[in-house]
C-alpha cells in the first residue's frame with residue numbers, strides 16, 4: 001500500500017482548514033438587465049454629481065484627498081472625474097465609462113469635460129428609463145447618433161472664426177472661470193509667439209503671474225570655462241554677429257580648431273564652438289588666447305545625450321545655416337572647414353547654466369522642412385518623454401516659447417490656478433482651430449430647432465432624438481442651478497429670446513452673449529457632445545455586466561495570535 005510521507009499526512013488537515021478562506025482568482029459575478037443598469041446608473045450619478053458642481057462661473061470647488069501631500073482643491077472637471085473610484089464593482093463600471101468620456105474630451109479638446117459628463121449622464125439616464133419601458137436600445141442609439149450629427153452640423157453653421165486678440169482673451173477668461181488676468185496673459189502670449197507657437201505652463205516663484213518669452217534657440221548648457229566671460233554684467237559671454245562651429249565629437253586637439261579660428265578672424269567675427277566636449281590642449285589654447293590677445297571665442301557642451309544630442313545639433317545647423325562635423329554619412333573633417341560650413345547668428349548669450357542663439361541665418365525653406373519632419377514624428381510617437389523632447393525642439397525652431405509662470409501664496413493655490421490656466425490655454429487653442437459659438441450652454445440650446453426636421457425610421461429612433469433634445473438643455477440648466485436659480489425657467493426664457501441672448505450666471509441677468517464675450521470654442525462643445533453621446537448610448541445597449549469577485553485574503557494564524565495577545569496581557573499584570 002502506498003504510504004504518504006509524514007510531512008504530507010500532517011499537511012492535509014491544515015489544507016482543509018484553509019480551504020474555506022480561498023477563492024479562485026478568476027471567479028466572476030454576472031448581473032443582467034435592469035438590475036445591472038440600475039447599479040451602473042448609480043455610479044454614473046455619483047460621478048456626474050461630483051463633477052457638475054464645478055460647472056459655470058459660480059460653480060464650486062472640489063477637495064480631493066491625495067495619497068501624499070496636502071489635499072488638492074480644484075474646479076477642473078476631468079481632475080475630479082479621475083479621482084473617483086467606487087467600492088461597488090457595478091457602480092464603478094458606470095463611473096469609469098463616464099470617466100472615459102471626460103478623458104477623451106480632455107485629450108481631444110483640452111476642455112469641456114464637465115459639459116461632456118453632464119450630457120453623458122442625461123443621455124444614459126433617459127436611455128435606461130425608456131429601455132425599462134420596452135424600447136429597443138439599438139434603435140435608440142441610432143436615433144441618438146442621428147440627432148448628434150444634426151447638432152454638429154448646426155454648430156458648424158453657428159461657428160465664427162476667432163480674429164482678434166480681444167476674442168482670444170474672452171475665450172481664455174471664460175475657461176479660466178472669469179479670471180481676466182489669465183485671459184489677458186494668454187492673449188499676450190499668443191500675440192508674441194503666434195497662434196501655433198509653443199506656450200508652456202510652469203510654477204512661478206512670485207505672488208503674481210508672469211509671462212516670459214524665450215526667442216531663438218535656448219539650451220541648458222553654459223560655457224565650459226568661466227574665462228570665456230567677456231562682460232562684467234551678469235557673468236556671461238555676449239557676441240553680436242557670430243560664427244558657429246558644430247561638432248558631434250569631442251575636440252581635444254588644437255590643430256582641429258585652428259582653421260575655424262582663422263576663418264572667423266579673417267572675417268572679424270566671434271566664434272562659438274558647440275561640441276560633445278572641448279578639453280585638453282584645445283581648451284587650454286582657447287582660454288590662453290582669450291586672456292592674452294582677447295580672442296573672441298566661447299566653447300559650450302552640446303545639449304542632450306545620444307540621438308537627442310545629434311538631433312539638437314542638426315536643428316542648430318539648420319537654424320544657423322551651418323553643418324555638423326562628425327555627423328554620420330558626411331565626410332566633414334574639422335581641419336577642412338570652409339566659411340559656408342559655419343553657422344551664422346545675429347546674437348549669442350552664454351551664461352554658466354545656459355546658452356541662447358538668437359536671429360539664426362538659416363534658410364527659411366530648410367527650417368520649415370525640419371519643422372514639418374518633427375511635427376510628423378510627433379503624430380507617430382506614443383512615448384510621453386519623446387513627445388516632450390519633440391515639442392521642445394519644435395519650439396526652438398519656430399517663433400520661440402512663451403512660458404506662463406503661475407504665481408500664488410501657497411502650493412494649493414498655485415496648483416488650482418495652474419489647472420485653470422491649462423484649461424484656458426487648451427480652450428484658446430481649440431477656438432483658434434475651429435472658431436467660437438455662444439457660451440453658457442446657449443449654443444446647444446440654439447441647436448434644438450434643427451432636430452425638428454429629422455425623419456427617424458421608427459418610433460424608437462424618435463425616442464433617441466427626443467433624448468438628445470432634452471440633453472441639450474442640461475449644460476445651461478446646470479450652470480443656472482450652480483448660480484442658485486431655477487434652471488428650467490432660465491432655459492425656457494433663453495429659448496424664447498433672440499438668437500444671441502443668453503444667461504450671464506455671474507451677473508444673474510439675460511445679456512447679449514457675444515457683446516459680453518461669453519463664448520465657447522466650437523471644438524470643445526462639439527467634442528463634448530460627440531464623446532458623451534457615443535459612450536452613454538453604448539451604455540444603454542448593455543444587457544449583461546461581468547465583474548470580478550474580489551479574493552478573500554484571511555490569515556489563518558490570526559486567531560492563534562489573538563489568543564497569544566490575551567495570554568501575554570494576563571502575564572503582564
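Every residue gets a Cβ built from N, Cα and C, even glycine.
These features come from Swiss-Prot:
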- 1-26: transit peptide (TRANSIT)
- 70: phosphoserine (MOD_RES)
- 75: N6-acetyllysine (MOD_RES)
- 75, 111, 112, 113, 114, 115, 440, 520: ATP binding site (BINDING)
- 82: N6-acetyllysine (MOD_RES)
- 191: N6-succinyllysine (MOD_RES)
- 202: N6-acetyllysine (MOD_RES)
- 301: N6-succinyllysine (MOD_RES)
- 314: N6-acetyllysine (MOD_RES)
- 359: N6-acetyllysine (MOD_RES)
- 455: N6-succinyllysine (MOD_RES)
- 469: N6-acetyllysine (MOD_RES)
- 481: N6-acetyllysine (MOD_RES)
- 488: phosphoserine (MOD_RES)
- 551: SUMO2 cross-link (CROSSLNK)
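Locations of recorded Swiss-Prot features on the structure.
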| residue | record | contacts (Cβ under 8 Å, 6+ apart) |
| --- | --- | --- |
| 111 | ATP binding site | 105, 175, 423, 424, 426, 427, 430, 521, 524 |
| 112 | ATP binding site | 105, 427, 520, 524, 525, 527, 528 |
| 114 | ATP binding site | 51, 52, 54, 55, 59, 77 |
| 115 | ATP binding site | 55, 105, 441, 475, 524, 525, 528, 529, 532 |
| 191 | N6-succinyllysine | 165 |
| 202 | N6-acetyllysine | 403, 404, 405, 406 |
| 301 | N6-succinyllysine | 221, 224, 274, 275, 276, 277, 278 |
| 359 | N6-acetyllysine | 216, 345, 346, 347 |
| 469 | N6-acetyllysine | 147, 448, 451 |
| 488 | phosphoserine | 473, 477 |
Least surrounded among the recorded positions, given as 75, 82, 455, 481, 551, when other CB atoms within 10 Å are counted: 455
Integer Å distance between the CA atoms belonging to residue 82 (N6-acetyllysine) and residue 75 (N6-acetyllysine): 13
DSSP-derived class (H/G/I helix, E/B strand, else coil) of residue 202 (N6-acetyllysine): strand
Least buried by Cβ count (within 10 Å) of the recorded positions 70, 113: 70
Sparsest-packed among the recorded positions, when each Cβ's other Cβ atoms within 10 Å are tallied, from 314, 440, 520: 314
Distance from residue 314 (N6-acetyllysine) back to residue 113 (ATP binding site), taken between C-alpha atoms, in Å: 40
Residues 75, 111, 112, 113, 114, 115, 440, 520 binding ATP per the record - widest CA separation, whole Å: 17
When distances run from the Cα of residue 481 (N6-acetyllysine) to each of the recorded positions 70, 82, 314, 440, 455, the nearest one: 440
